[in-house]
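Feature annotations, courtesy of Swiss-Prot:
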- 1-14: compositional bias 'Polar residues' (COMPBIAS)
- 33-47: compositional bias 'Polar residues' (COMPBIAS)
- 54-66: compositional bias 'Polar residues' (COMPBIAS)
- 71-80: compositional bias 'Basic and acidic residues' (COMPBIAS)
- 289-299: compositional bias 'Low complexity' (COMPBIAS)
- 350-476: domain 'YTH' (DOMAIN)
- Thr176: phosphothreonine (MOD_RES)
- Ser178: phosphoserine (MOD_RES)
- Ser230: phosphoserine (MOD_RES)
- Ser231: phosphoserine (MOD_RES)
- Ser261: phosphoserine (MOD_RES)
- Ser263: phosphoserine (MOD_RES)
- Ser265: phosphoserine (MOD_RES)
- Ser311: phosphoserine (MOD_RES)
- Thr312: phosphothreonine (MOD_RES)
- 1-20: region 'Disordered' (REGION)
- 25-80: region 'Disordered' (REGION)
- 95-122: region 'Interaction with erh1' (REGION)
- 163-185: region 'Disordered' (REGION)
- 225-261: region 'Disordered' (REGION)
- 289-328: region 'Disordered' (REGION)
Amino acid sequence: MSNTNFSTSRSSKSIPELPNLEALRSLWPPPSLNESGDTRSVWTTHTGEPVASSVLSTSGSNNFSSPLKRPAPESHDAPIGRRLMVDDPRLIKHGKYDFSRHCTDYGHSYEWPYFRSLRRESMLYHTSGSYPESQPPYSSYSTDAPHYYHAGSESSAYYDSRSRLHGIQPPPKRRTLSPPPRRLADPVVVGSSRYVEEEVYRRPPYTLASEVPSSASAYQAGYSSYPVRSSPQLSHEDTRHGIASSGSTRYPFVPANTRASHSPSLLEPYAHSLPSSVAPVGAYPEKSSYLLSNSSNDSASRKEKPKARASTPPPLNFSRASEHRNEKGERISMINPRVVLDENGISHRSRYFIMLCDNETAIAHAKKTSIWAVKKDSSKRISDAYKKASVYFIFVAQQTYNALGYAQVVSDLNSTELPFWSDSSHAGGVRIKWIKTCNLFSAEISEIVSHMDHGSEARDGMEMMYDEGSRLCTLINYAIMKRIGRDR
């Protein structure tokens with residue numbers, strides 16, 4: 001058996017001949033007689049049988065393997081996809097797998113092998129029911145007595161053997177800095193501070209006042225002590241608040257204790273803020289006199305979680321911007337008084353130009369390639385400004401005044417070729433570095449752009465005042481953070 005020679009009279013090279021099958025077979029030693037019949041190889045045990053029949057036969061899925069490789073393991077010998085093996089899976093098939101520790105946000109839980117599919121877990125551990133389990137099999141603070149079984153019993157293999165289950169579960173890690181969640185009625189522990197913790201994260205809302213107000217709630221957030229009464233003295237109101245009805249020491253149960261959150265605003269929403277900022281002064285007559293007396297105090301109490309949304313900076317009156325002067329009489333910025341401006345309100349360090357875009361293809365191409373075409377009307381001003389200061393372009397949609405982002409100019413004019421969407425009205429291209437990209441509407445951005453040119457609408461490519469440009473960049477940042485929910 002030799003290879004066919006395809007060489008013609010015009011080709012000087014020919015394909016070398018390959019050795020025949022008999023020569024290849026002689027290079028490999030024949031199988032020994034005591035070798036098991038399960039061994040599959042390219043070289044068949046019967047010499048008269050051609051090799052192609054064993055190679056091309058599709059009777060079994062594991063029928064062919066190279067002589068240089070070990071055959072693939074069978075599924076019953078080594079289960080594929082399970083790196084973590086236990087002694088005998090039959091011993092733990094009745095144990096419930098703790099899915100509350102399986103799918104929680106540990107630092108490592110989203111990496112293999114701790115985040116496996118629920119279907120594979122249910123097939124392996126023979127669990128039934130809903131996922132995750134309604135109650136974990138072992139609570140963190142279990143007070144049940146351990147079970148003891150005699151040596152011949154098989155119950156210990158799947159009832160309360162924690163050491164056997166430790167091999168197949170992620171390690172029990174603390175997920176937060178807050179204390180662990182407690183049950184509804186805490187067990188009474190006399191002479192121990194296990195269930196009573198000092199509140200180190202906050203102070204009571206009346207620490208700055210001279211005395212505790214009479215309207216302060218009896219159930220403040222945390223574990224405030226109260227006089228112990230005997231069980232016949234406990235009223236129905238106390239039982240409704242969750243006070244344990246047995247034992248000498250009792251602790252009030254309030255909703256803040258359920259998940260150990262240190263947020264008093266869940267109980268007293270207006271305890272740390274003046275009612276004038278939330279509601280009219282007369283809305284809370286019993287609290288308004290006390291809370292308004294704190295407004296004269298210089299040191300306000302520490303702001304508590306949950307945080308309110310970050311408020312937008314107060315609007316600026318750009319029509320009176322020229323009135324802001326320093327001691328020398330120089331014009332200064334309304335936003336940053338240390339920035340000295342010229343009489344046109346322009347800084348010599350940072351200069352801002354507005355780009356009104358009416359072409360969606362142009363802005364999409366600019367966001368991908370970071371190349372922008374400058375029109376002939378403003379090309380000289382932008383080129384001169386780039387040589388002296390940092391130049392920023394603020395992109396705004398011409399029709400809707402949506403903010404499209406802002407970028408810094410990082411090259412001079414004509415340093416790059418014009419993009420494909422430019423026309424004869426463009427002088428050249430500049431390379432830009434995007435700082436923020438978005439497509440958001442803000443009423444204040446629209447207001448500034450519509451009154452930028454001395455009370456009239458802005459023109460494409462015009463230079464704006466330092467305060468206007470800095471303010472627009474800040475508003476774009478606020479709009480983006482509010483859109484993605486990061487403004488808290």
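Placement of Cβ uses the backbone N, Cα and C atoms for every residue, glycine included.
In the shown protein chains, 8 other C-beta atoms lie within 10 A of the C-beta of Ser311 (phosphoserine). In terms of DSSP helix, strand and coil, the domain 'YTH' (350-476) has 42 helix, 48 strand, 37 coil. Regional average pLDDT for the domain 'YTH' (350-476) in the model is 93. Remark: Thr312 (phosphothreonine) has Glu444, Leu475, Tyr478 as non-local neighbours, by Cβ distance under 8 Å and separation of at least 6 in sequence. Under the three-state DSSP scheme, Ser311 (phosphoserine) falls in the coil class.
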